[in-house]
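Written out below as structure tokens is the structure these notes cover.
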């Protein structure tokens, strides 16, 4: 359960580059819902996700996760409630560490890290079992550095890492944008499976309207720092990409969509 | 090289192995280029020598010296983490300040340890030559530090520290308090360098404010030599590499200085060190270039 109340975020206040990235976003997401977030470049999607994760602290408004007010919490503190997968596989994992070390890091998310060995026999076995579920043959490569994996493999492992420790919400920031179409398809299928198995409250930012409608239970569109569209249930089931575009244009008072990337996919 | 010169080189190599381990922690693990060591090494020597002259137990004096070094590391970390001063500059500020601090600690530019008991005193009477006893005692300390450090870096806490250096953003997203790990790592790193300074004072019989000059380069040289001769990913072996690198570096310097044909003298040490480090940094690049040229030629 996520409750967002009227959050505002401004970057570079008082400079020529001042950017009012979020202008009063309200959103309530019930437990277990899978929400897809779309919007053109600069609409505030990534800022919104950053605000939920703690990378960006909202100036006004409040954010509560599972009834706990986390508005002022920094990223490491919020990590006990929030699991994330980043757009760039290089950002989301430690390329210089081994796969099992990355998994050990993720498994301790939200827990105090003590002086016990990070990789004990039972934990290694657990990691091996979990990574075997991916069906990528990575269970024999646990000692390899993360940097040796392909982008798709790394995103798959990142998704798995997000589930190693308990969390209230899962944030996916265009996590398939850097992948080729076939690999993106595989990672999205894996995403769906993992979200369903763990019944995670999920926010997935995507650049593709197709993905936004095909995955999840609800779609939210951001434009210029505000939520301009929020569809779910039957209304959403009947939607297709052209409908969504028309709805979006109507919301914007007949303004045409100029961002081609929104139409692709 | 005479036997005494050989053991002397090994001894000084082992003392500086502690510096190398500290530099490995800051440069490699935390990715924090830290020049504080040029100040924390003589700080360790100054604190230890002053306490020894005052009649304090040598082991306690060494421990207090290490703690003083940790404090210096914390100052640098605070300047960087809390006040956002660029890491290099933050460490230079601390280093410069420490020069004055060291003079204050000793009350004069150098302190001689002639009749004082040191950690080595109990071992001199055991029948081995003095120039063998010194490296042996330091070796025991170094081995203990390597084992403890490897154990630490393989713990959950240590793994989080390594992640802080590799990818701070990801570490924070996994709940790692990266600031706290930077403080801890910097304290540990400079504590080791100060411990090296304390052992240096006790094995050489003096502490001098100028002994710190170039410590960072020597430490870095040891780390680089170690990585070249012992390229390992397992934590323990990477640390052993630092120690081996430090000893090899000292032996190489000894050979260079004792070969009369080259005509080098002791005062050329810093020049030789700088050239060695530069070559060690340039070589891997040249090797990569040569390899890619070879591939091109094969096509």
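Even glycines carry a Cβ here, placed using N, Cα and C.
Features reported for this protein in TrEMBL:
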type: TRANSMEM; residues: B:6-27; note: transmembrane segment
type: TRANSMEM; residues: B:34-53; note: transmembrane segment
type: TRANSMEM; residues: B:86-105; note: transmembrane segment
type: TRANSMEM; residues: B:132-153; note: transmembrane segment
type: TRANSMEM; residues: B:180-200; note: transmembrane segment
type: TRANSMEM; residues: B:206-225; note: transmembrane segment
type: TRANSMEM; residues: B:237-257; note: transmembrane segment
type: TRANSMEM; residues: B:269-286; note: transmembrane segment
- Item | Any contact, the transmembrane segment (B:206-225) to the transmembrane segment (B:132-153), with at least 3 Cβ pairs under 8 A | no
- Task: Please figure out which one of B:6-27, B:132-153, B:180-200, B:269-286 racks up the most CB pairs under 8 Å against the transmembrane segment (B:34-53).
- Result: B:180-200
- Message: With CB pairs under 8 Å as the measure, which of the listed stretches B:86-105, B:132-153, B:180-200, B:237-257 comes out on top against the transmembrane segment (B:6-27)?
- Response: B:237-257
- Item | For the transmembrane segment (B:86-105), distant same-chain residues with Cβ under 8 A (at least six beyond the ends) | 32-40, 42-43, 46-47, 50, 72, 75-77, 79-80, 209, 212
